[in-house]
């Protein structure tokens with residue numbers, strides 16, 4: 001699942017001849033447009049004046065290694081971005097005597113999620129900076145001496161770029177915790193795909209017979225601290241986004257002496273990219289539906305403080321091969337946690353989809369909206385908006401090229417669709433639409449209906465649901481939160497730090513008010529005070545770290561049997577199999593809960609009225625909801641984490 005960048009010898013090796021009429025149609029200069037049967041494309045004024053024109057590759061390349069953050073802003077992109085021809089690569093690799101080469105990624109038929117982690121080779125780790133804006137880099141597209149005729153052929157995905165390892169064998173723990181024995185619970189089946197860091201297999205859960213995908217990441221290939229941190233962060237982000245219907249779900253992470261095993265949902269419907277290839281382009285109605293899904297994931301990510309940084313059709317998989325199959329976002333290997341107004345400088349992504357501010361090394365989550373805009377353009381027309389024969393040429397077009405709305409099929413596409421694409425591909429990120437604004441655009445709305453009000457941020461939504469729970473359930477969630485691994489709550493920890501402005505370990509009313517405002521929540525002070533009091537279980541007047549985690553925890557954590565049993569066991573002090581009023585009173589005292597109204601809590605949960613709570617009654621309370629003032633539905637459509645309200 002992955003297609004790599006093609007180097008300067010692209011014309012000589014015949015790759016450009018393997019284009020398809022349905023996809024990536026080459027555009028020509030203005031002087032040739034009249035004689036073309038397709039009438040394809042406009043080029044920038046600079047490109048039109050040059051004697052030779054750029055040709056487009058037959059499909060977008062895989063993410064590439066881009067310039068380091070220390071590159072002189074005045075230096076052109078080409079020296080950092082140009083990929084050596086194969087024979088030159090081998091010569092370079094031979095000279096690196098102490099380095100290993102990770103095998104190239106191969107094409108796979110139905111990859112549930114590739115281990116195709118793109119690596120930014122640079123002296124510094126990929127950390128955001130808040131320095132003054134650097135000067136834009138200048139690039140010149142390369143030109144060919146002649147335009148070769150196109151021939152119809154099945155497009156082949158180029159092989160992944162080779163990754164040259166540094167040195168050394170890493171033996172310490174990657175997950176930083178002891179895990180259960182993977183082989184006791186799962187057996188591996190056929191190979192689904194090969195990535196840079198590991199291999200993806202079909203995976204069978206022994207206890208249930210359920211099928212999953214398992215990405216086994218070889219520890220010996222994690223040769224730098226950055227490699228290890230990338231793996232940890234990817235797992236953390238997948239846990240953080242868990243529960244969204246269009247994000248691939250993670251079942252668990254395991255580690256043994258040789259590998260990290262990441263067990264995930266199995267998606268067997270193939271890539272969005274492949275369906276675009278088959279169709280040429282989508283109808284507007286279907287394209288709008290897919291755009292809603294893609295941008296909906298973005299809105300969810302951004303509200304949870306996550307920037308994807310590598311959106312492209314290859315990173316979306318269908319659950320099945322059915323026409324109306326659910327679409328899932330995969331591969332968070334380049335994703336990062338971010339804070340409001342944080343500036344990132346490391347250049348990562350894929351050439352056709354990278355935002356101009358990323359190339360200028362000063363960007364934030366707005367760059368994801370640009371990438372989504374490129375995908376929408378491709379869904380509607382079958383070709384990318386900015387293209388050239390070389391990577392350098394692509395970047396020049398991204399920075400300065402003009403959008404083409406004159407070539408087929410754009411004359412037959414609605415003005416509303418064109419308006420959305422224009423607003424998503426504004427080069428100034430401050431003027432670009434946000435993910436939520438895209439969802440409110442008339443072309444994307446469901447049956448022409450926009451949300452009545454801005455979507456609640458994930459933090460606000462979860463706190464609202466938490467505030468509606470009775471104190472017994474709040475305490476149980478606190479127990480579950482304290483039992484979770486660091487990787488499962490790392491995202492919430494980042495959000496707590498963002499709101500806790502003075503780093504006191506306590507969130508005050510003013511800090512909560514400011515934090516909710518930063519993520520787009522517009523609440524009255526009385527409403528914020530209600531949320532504050534609901535989360536402040538021990539009535540201390542502030543929200544401490546553990547209270548915040550419990551109040552913002554996604555309720556999918558309740559579905560796990562081990563979490564439920566651990567919480568029940570905490571209250572069942574004498575291990576009798578029942579929770580008595582005295583045991584519940586003791587727990588309230590431990591949590592500092594005053595005015596607990598023990599009898600009322602018992603009455604709400606004790607279904608058989610025997611004066612005690614058994615395990616089944618406890619599970620029913622946790623899963624169905626037992627809330628002061630009425631029942632609450634806890635399906636995906638009402639999950640207040642990151643589901644979208646229509």
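Cβ from N, Cα, C; glycine included.
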Quick test of your reading of Swiss-Prot: among 388-418, 419-449, 450-480, 481-511, where does it put region 'Autoinhibitory domain'? 450-480
Of the candidates 178, 215, 219, 251, which does Swiss-Prot annotate as part of the ATP site that also includes 192, 193, 194, 195, 196, 197, 198, 199, 200? 215
For the ATP binding residues given in the record (192, 193, 194, 195, 196, 197, 198, 199, 200, 215), what is the largest pairwise C-alpha separation in angstrom? 14
Output, ordered by sequence, the same-chain residues six or more apart from residue 547 (Ca(2+) 2 binding site) with a CB under 8 Å from its CB, or 'none'. 478, 535, 536, 537, 538
Look up residue 192 (ATP binding site) in the DSSP assignment and report helix, strand or coil. strand
At the Cα level, what's the spacing in Å between residue 194 (ATP binding site) and residue 542 (Ca(2+) 2 binding site), rounded? 49
Quick note, residue 542 (Ca(2+) 2 binding site) and residue 198 (ATP binding site): C-alpha atoms separated, nearest Å, by 45
C-alpha of residue 200 (ATP binding site) to C-alpha of residue 540 (Ca(2+) 2 binding site): distance in Å? 48
